[in-house]
Amino acid sequence: MEIDLEKHPFDLAFHPSEQLVVAGLITGDLHLYRYSEDTSAKRLLEVKAHVESCRAVRFTSDGKAILSGSPDCSILSTDVETGSVIARLEDAHEAAINRLVNLTEITVATGDDNGCIKVWDTRQRSCCNSFTAHEEYISDMTFASDSMKLLATSGDGTLSVCNLRSNKVQTQSEFSEDELLSVVIMKNGRKVICGTQTGALLLYSWGFFKDCSDRFVDLSPNSVDVLLKLDEDRIITGSENGLISLVGILPNKIIRPLAEHSEYPVEGLAFSHDRKYLGSISHDQTLKLWDLDELLEGSGNARTIQTTAEDSDSDEMDMDMEDSPSHGKGNLPIWSCYI
C-alpha cells in the first residue's frame, strides 16, 4: 500500500491501538491517515503544525494526541479527533528539535541539534529534566524502562546513557570515527546496536559502553539511517540506498533484503500496533505500508539464536558507573513525573 504525501516526510508513527498512521512533513504539516487491508488509505487530517519542518512525530500513549517537534524549537500537541491544538510549547529547546520518543505513559523525551535532551511531563506540560549529553545533533534515542535509562546517539560519534533516576549522564562512549545515526536495545537488554554513517553496525555490551564489543560491516558503504527491532535476535535496517534489510545479531549476518522503498535514503521505519504492517518513508514523498508477514515469509528458519560461545560478554549490568561531567539540569527532579 502506498500513500502519496505530496511533500518530503521526516518522520512517521502508528497509533497505539487503531489503524491510523501520521507523517510529519518538510512543510511543517501533519498528515493523519486511516488505513485498512481492503481499501486505499484515507486522509483524516491535514494540520499546519509548525512554521518550519516537522522533524519528529509520536502519538501519546493513550492515542488521543499527536506530539510533534520542529526546527522552530516548538513542541505541539494535536488532538487526533479534531486536529485542534491541545498545547504548544514555544522555545521548548534552544536549537532545532530533531527527535521525539515516548518514555512512560506520561513522559516523552526530545533531542535537539545542539545535543541537548529534555524529558517532558505530558500532564503538567513541563520539562522534568534536561541533559547536556552531546556536542552535535541527537540522531536517535531509545528507552530501557526496567532501568530507567535513556540511550541516545549523536552526530558527534558517541552513545550516551542518561540515568533518569539519578538525573545524570551516567556514561558516554568513546568517540567513534562515524556519526552514529540509530540505536536499538537487543538480546534481552544485554546488547545495544548503533547504525553509522559508513554503514557499520556497532555492538555495545550493556554496562560496558566505553567502546563497542563488535563491529558488523556487511551493510557498508551505505549509511544505516534507521534501526527497528523485530525480536531479540533480528533487526530491520533502513539504508541510504533505499534498501530495507533483515539482519541477524550474534551471529551477525544479513539474512536477506526485505524490500526497496526507492533509490533514496530510508528516513523512517515503524510497526503498526498489531505488527501487521511495516511503514517506511523516504525522499520520494511516499509512505509505504508493507505486509510484514509477506516480507518475512521464508525468513523464519533464518532466525539466529545466541549461544554462550558466540557472545561471551558478561551479563552484569551497569558497570559504567563513573559520572559524566555533564549533569542533568532541570526545574523538577525526574521522580516528580511519576507521583
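Placement of Cβ uses the backbone N, Cα and C atoms for every residue, glycine included.
Pulled from TrEMBL, these are the features on record:
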- 310-323: compositional bias 'Acidic residues' (COMPBIAS)
- 301-328: region 'Disordered' (REGION)
- 131-172: repeat 'WD' (REPEAT)
- 259-293: repeat 'WD' (REPEAT)
Confidence summary (mean pLDDT) of the repeat 'WD' (131-172): 95
Counts by DSSP class (helix H/G/I, strand E/B, coil) across the repeat 'WD' (259-293): 2 helix, 20 strand, 13 coil
